[in-house]
Structure formats: C-alpha cells, structure tokens
Amino acid sequence: MGDGETVRFLIHLFNGRWFMVFASFLIMACAGATYLFGTYSKDIKSTLGYDQTTLNLLGFFKDLGANVGVLSGLIAEVTPTWFVLTIGSAMNFVGYFMIWLTVTGKVVKPKVWQMCLYICIGANSQNFANTGALVTCVKNFPESRGVMLGLLKGYVGLSGAIMTQLYFAIYGNDSKSLILLIAWLPAAVSLVFVYLIREKKVVRQRNELNVFYQFLYLSILLALFLMAMNIAEKTVHFSKAAYATSATICCVLLFVPLGVSVKQEIEVWNMKKLPIEEPTELKVEKPKKELDLDLDLKKSAKVDLEEKETKSCFLTVFSPPARGEDYTILQALLSTDMIILFVATFCGLGSSLTAVDNLGQIGESLGYPNHTVSSFVSLVSIWNYFGRVFSGFVSEYLLAKYKLPRPLMMTLVLLLSCAGHLLIAFPVPGSVYIASILMGFSFGAQLPLLFAIISELFGLKYYSTLFNCGQLASPLGSYILNVRVTGMLYDREALKQLTARGLTRKDVKDLTCLGSQCYKLPFVILAAVTFFGALVALGLAIRTREFYKGDIYKKFRDSPESESELVTGSRKS
C-alpha cells in the first residue's frame, strides 16, 4: 500500500463494524464495577460505622443506579452515541471518586443519603456504556443479537476479575484503592473510543457467526486465565512483579480480538475494490388486473400507515402490532408480555443482586479470611461471564435449530439459581465456592436472555429505551429482598448475638453477625422467590411458543438495506 492507500484503509478500519465490536468489548470489560461492591463494601462499612441494613441500603442505590437506565435510553433516542458515552464517563468518575475520597478520609464524613447519591451516580454510568455500545452493536448485527448480547455482557461479567488483576498490579492488596481504579479506568476507556461507536449500515456476511465464535474462543481463553490466576493467588504468595506479569497477560488477551477485527475489515476492504457485475434483470409483464390490484394494495397500505402515524401514541397504546414488530414505548410497557417479564426479572435478578451484594458479608459470617472473600467475588465475576456467553450462544443455537423459546431457557436458569441460594442457606464446608459459581452463572445468564427477549418481542425501533425499562424490576426486587428482608434479618440476628454477649449497639462500631444462622432464613426466602420467578418465566414461554416457531429474523433478511454475503460468502459462491 502507498501512503494514501494506507490512510484510506485506516479510516475504513476505524469506521468499520468489526473494529467497533472490538472497541465495545473494551468498554464492556470496564463497565462492571458494580459487581466489585462485595470487595470494597467492607471498607465502607468499617470506615463509616454502618450496620448491615445501612450498607444494604447503599447496595440498593448501587443496584438502582445500575439498572435504571431509562434516562440514558431516552437521551440516546435524540443524541449521537458519542454524547451518551461522554456523559457516562463523567458520571462514572464523579460518583466513584467521591466514594474514594470518603473512605480514605480526604473529605468530611458525608450523610448516608449523600453516599447513596454518589454510588447511584457512579453505577448509573454503566447504563450509558451499555446504551452506547451494546444497543448500537445489536442494531448493527440484528440477526446475531443473541451471540452479540452474550459476548458483550460476558465481558461485563469478566470486568470484576479483570479490574481485580489490575488493582493488585497497580495498588497491591489495598481495596480502598480499588475504588479509585473503578473511578478513572472505565471513564478513560469510554473516552478513547467515544467517536468510533455508531450505527452502521446492516451488511450481512455469510461467515458472520464464525467470526463471533472466534471472539467467543478468545474470551473463553481470557476467562480461563483469570480463573487460573484466581486459584494461583490463593495457593501461592504473589509478589508485586508476579501481579504485574498477570495483569500484563490479561491486557494482552483483551487485545487479541483486535486481530480478528482487523482481518475482517481487510476482507471487507478488498471486496470493495473488486468490480461488481450488475445482475441481468428479467422483466415479466403482469396482466392489467394484477397491476391494478398491486396499486390498490400499495395505496391501502400507505393510507393505513399515514393513519397510524397521525394517531397519538396514547390512542394506540392498547392496539399493539404483532409480536416482533416495532412497538411504541407505551405499547411495550403496558403489554401483558412485558408485565410477565417484569415479574420474572423482579424475582430472578432481584434475588441474584441480593446474593452478590452480600457475598462479602456471607464469607465474613462463615469465618472465611478476607483474601478468600475476594476469591468469591472473582468467582462470581468469571462465572457471570460463562453464564452470559452460554445463554447468548446456546439460546441462539436452540432457537435456530429447535425453535426453543428464550423464556424457557430463562426458566431453567432461575431454577439453577435456586440451588445456589439453598447452598448459602444450608452451608457445608466449601459450599460457598460452589454457590458463588452457581449464582454467578445464573445471574449472568439472565441478562442476555432478558435483553434478547425484549428485542425480539417488541422490535428494535425503541430498543435503547425498552431494554433499559426492562431491567427496572431488578433494583425494585433488590430493595425489597436486600434491604427490607436480608439486611433486616441479618441485623436482627446480629443484635441477638450482641445481647447474648451482654453488649448493646452503642458498644460496637459496626454491627457484625457470625455463624450460619445469619443468612439462613433470608436465603430460604430468596430461593422461594426465585422459584416463583421460574414459574412466571415458564408462563411467558408458553405464551410465546407460536411466535418463536416462526422465522423471527425474516424481516431483516428481506430488508432492502440488508446486503447479503458481502465478504467471505461472495468468494465461496
């Protein structure tokens, strides 16, 4: 290539769909700071002297910010993607930086509501990253949305373990400094790629799924490496140099998918330079009656479309289109399908968020050392990843081959989550390790399924808003199950232990409960609620089975904007 040719190719590369996918992987790999709450929550509790109910209230506002993304969705409907990502970067830095200043004593101790505000702002930035990167990728690859959601949410799941490796390498075993890393790293990564994430023209490639499988294998390699490091760090003493080496390898594995993206963009570039032969058009004269009939049908369709467009959205709210067509926001939110999905999400994600947020205190109550508690959080993060990619890829395969409704897979995932909750309620030696794996896997698997179901049932036109509305149930479930149930029952048991020792609440700085009784009743309740959610998801699977039996992606293949077999497929044919 000459200099001019190289410059043109680089412009093509940075504007390409595949490079955008790689950039989205990096943004998502830093967008899961909320899953590290179990690691640094002990610092907040001890530094500020909170009881468990107050700490769980803070956890609720973290979940509220992480899941109430309606604002980011609405902003994305009327502004470019770069603006959405920039807002998210600013919110991430401000929220978590204020928490770091608080726990390090650099500012005066804030009131509880101020801490809730800080963590809510920081966590809410995750929605701006999701809306900017994830929604855009789904729109750019509509026929591969299941695998795309699985991969992107999988990287979010791994982000906790990735940032743990980085903070060990940069700051050592100082969990307060982890909060500082959470403040600056995600903000910086989003700003680097802020102008590269945008909607592209949908160009279907015959080898598209194979490329996603390459991304999958590379991400599995990263997950296995992180798991190996997690095990090694518990059995061997790591020096600062060893942590630096581990973090370097982790970063290299994060950048390997760039090679796949560049290879695909080179193939697209080469195909654009090939001459395209115009197909010979075969004209068939239609009888006059058929031509008149076609004209009448087109006029009728045009009139119907104009009537729908002139009607207020409030007048059509209870007259939704068929499943799979583009619903308005009100039509989707008030539909029976969305209400059922809301209840299942309330039960499933609400219980899972409660379990993940309490993981640090669960380990503490059962007598595990601090370093082991960090391994529980890393296990949840890694298996969160496996759950996400599994549900994304496997549900897509089962849907394509056997027409299996995605809500049925959500039912199975929620049943698996029940088993994890019961292992916490009735612990045996080492059961928390197994529970961390089960809860991490099931928690991760629920999100791609939820987002894919919403995109399939209600269309992609208002997906930026609808997918954010769809997860509103999880913070509500988290508040009721975490603050009003788990936190209060934990504190009640802790106060009993204080009374037995002849002490009162004023005699201790933070309220701590020790023993298996601390979380027994709360997690029995969580298991029961999750089982009910599984039954609700099964009801949605039964309602939508006829819809999933059809070809739900047909309209994307029939779209005039969809150009088939551009790259490798053209060469093979």
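Every residue gets a Cβ built from N, Cα and C, even glycine.
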> Looking at the ranges 116-134, 154-172, which is given as transmembrane segment in TrEMBL?
Replying inline: 154-172
> Going along the chain, which residues at least six beyond the ends of the transmembrane segment (209-229) come within the CB cut-off of under 8 Å?
Replying inline: 18, 21, 25, 144, 147-148, 151, 154-155, 158, 161-162, 165, 246, 249-250, 253-254, 256-257, 260, 264, 378-379, 381-382, 385-386, 389, 393
> Where else in the chain does the transmembrane segment (82-103) make close Cβ contacts, counting only residues six or more beyond its ends and a cut-off under 8 Å?
Replying inline: 27, 33, 40, 43-44, 47-48, 65, 72, 75-76, 109-110, 115, 118-129, 131-133, 176-177, 179-180, 182-184, 186-188, 190-191, 193-195, 197-198
>> Do any residues, 6 or more residues outside the transmembrane segment (241-262), come within under 8 Å Cβ-to-Cβ of it, and if so which ones?
In response: 13, 16, 18-19, 21-22, 25-26, 29, 162, 165-166, 168-170, 172, 211, 214-215, 218-219, 221-222, 225-226, 229
> Averaged over the whole of the domain 'Nodulin-like' (17-261), what is the pLDDT?
Replying inline: 88
>> Please report, as numbers and ranges, the same-chain residues at least 6 past the borders of the transmembrane segment (432-455) whose CB is under 8 Å from any CB of it.
In response: 134, 138, 145-146, 149-150, 153-154, 157, 332, 338, 341, 345, 348-349, 352-353, 355-356, 359, 362-363, 366, 368, 376, 379-388, 390-392, 395, 406-407, 409-410, 413-414, 416-417, 419-421, 423-424, 463, 466-467, 470-471, 540
> Near the transmembrane segment (18-37), which same-chain residues lie under 8 Å Cβ to Cβ, leaving out any that are not at least 6 residues past its ends?
Replying inline: 59, 62-63, 66, 85, 92, 96, 122-123, 126, 129-130, 132-134, 136-137, 140-141, 148, 151-153, 155-160, 162-164, 178, 182, 185-186, 189-190, 193, 196-198, 200, 211, 215, 219, 254, 257-258, 260-262, 264-265, 268, 356-357, 377, 380-381, 384
